[in-house]
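What TrEMBL says about this protein:
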| type | residues | note |
| --- | --- | --- |
| COMPBIAS | 107-117 | compositional bias 'Basic and acidic residues' |
| COMPBIAS | 146-166 | compositional bias 'Low complexity' |
| DOMAIN | 177-226 | domain 'PHD-type' |
| SITE | Y179 | site 'Histone H3K4me3 binding' |
| BINDING | C180, C182, H204, C207 | Zn(2+) 1 binding site |
| SITE | M190 | site 'Histone H3K4me3 binding' |
| BINDING | C193, C198, C220, C223 | Zn(2+) 2 binding site |
| SITE | D194 | site 'Histone H3K4me3 binding' |
| SITE | W202 | site 'Histone H3K4me3 binding' |
Amino acid sequence: MSFADEFESNLVSLAHVLQKKYALLRDLDKSLQENQRQNEQRCEKEIEDIRRGRTANVTPNAHFSEEAIDEQKHSVRIADEKVALAMQAYDLVDMHVQQLDQYMKKSNEQMRREKENASASNLENSGEAGKAGEGRRGGRKKTRLATAASTAAVASASTGMTSTGMDLDLPVDPNEPTYCICNQVSYGEMIACDNNECKIEWFHFGCVGLKDQPKGKWYCPDCATVKKSRKGR
């Protein structure tokens, strides 16, 4: 049983225990009120008797009879029992509050670990995806958002200027891998050559004259030429 299930089970039992204790408190309170009412009546009568000189039932050196004193002591015992029941109810609730605090602490810690694991997993997956893209068979079509370096490569491809000849404020990552016959970083849609021995592997659509994804196998210009020459022999 998990901590949450155990806490929920204890919480259900707590309601029943508190209900019984509160019912007993109500009974004790009624008994206390009745005992106090009777004692007040007895004391008032004995005070009246003392005034009239009828003190036969009054103990020596006392103002009230033994019966009246016993009733007062009984009221004190009932009151003490009510306090004890109230303390027990408080301790039970406090114990469950502490258990709830522990559960919340464990739950928050578990959520924190799950977030850390999820972040680590995302980083690992993104790293593997990057390796798959740089590697060979991640799929025939490769699409990725252009980074700052990729933007510079697109601009240089469209204007005929080299990246060193452009006055750009954009940061360029010198470690980003390059592809295609243009020897630029990846951007836009790219296609993989189906020749396993292709040295370049990935090509920009525009650089190889493609607008749409071709059907079937596709070979880059160099590999296609080598393939045709081998067939001609």
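Counting starts with 1 at the first residue shown.
The backbone N, Cα and C atoms fix where each Cβ goes, glycine too.
Predicted automatically and left uncurated, TrEMBL annotations should be read as such.
Within 10 Å of the C-beta of C182 (Zn(2+) 1 binding site) there are 15 other C-beta atoms, taking all protein chains into account. Same-chain residues that are not part of C193, C198, C220, C223 yet have a Cβ within 8 Å of the Cβ center of the Zn(2+) 2 site turn out to be D194, N195, K199, I200, E201, F203, Y219, P221, D222, A224. With DSSP classes pooled into helix, strand and coil, the tally for the compositional bias 'Basic and acidic residues' (107-117) is 11 helix, 0 strand, 0 coil. If you check the recorded sites Y179, D194, W202 against C220 (Zn(2+) 2 binding site), the ones with a Cα inside 10 Å of its Cα are D194, W202. Over all protein chains present, the Cβ of C180 (Zn(2+) 1 binding site) has 23 other Cβ atoms lying within 10 Å. Between the C-alpha atoms of Y179 (site 'Histone H3K4me3 binding') and C198 (Zn(2+) 2 binding site), the distance comes to 12 Å.
Cα separation, C198 (Zn(2+) 2 binding site) to H204 (Zn(2+) 1 binding site), rounded: 15 Å. The Cα of C223 (Zn(2+) 2 binding site) lies closest to that of D194, out of the recorded positions C180, M190, D194, C207.
In terms of Cα distance, the binding-site residues that sit within 10 Å of W202 (site 'Histone H3K4me3 binding') are C180, C193, chosen from C180, C182, C193.
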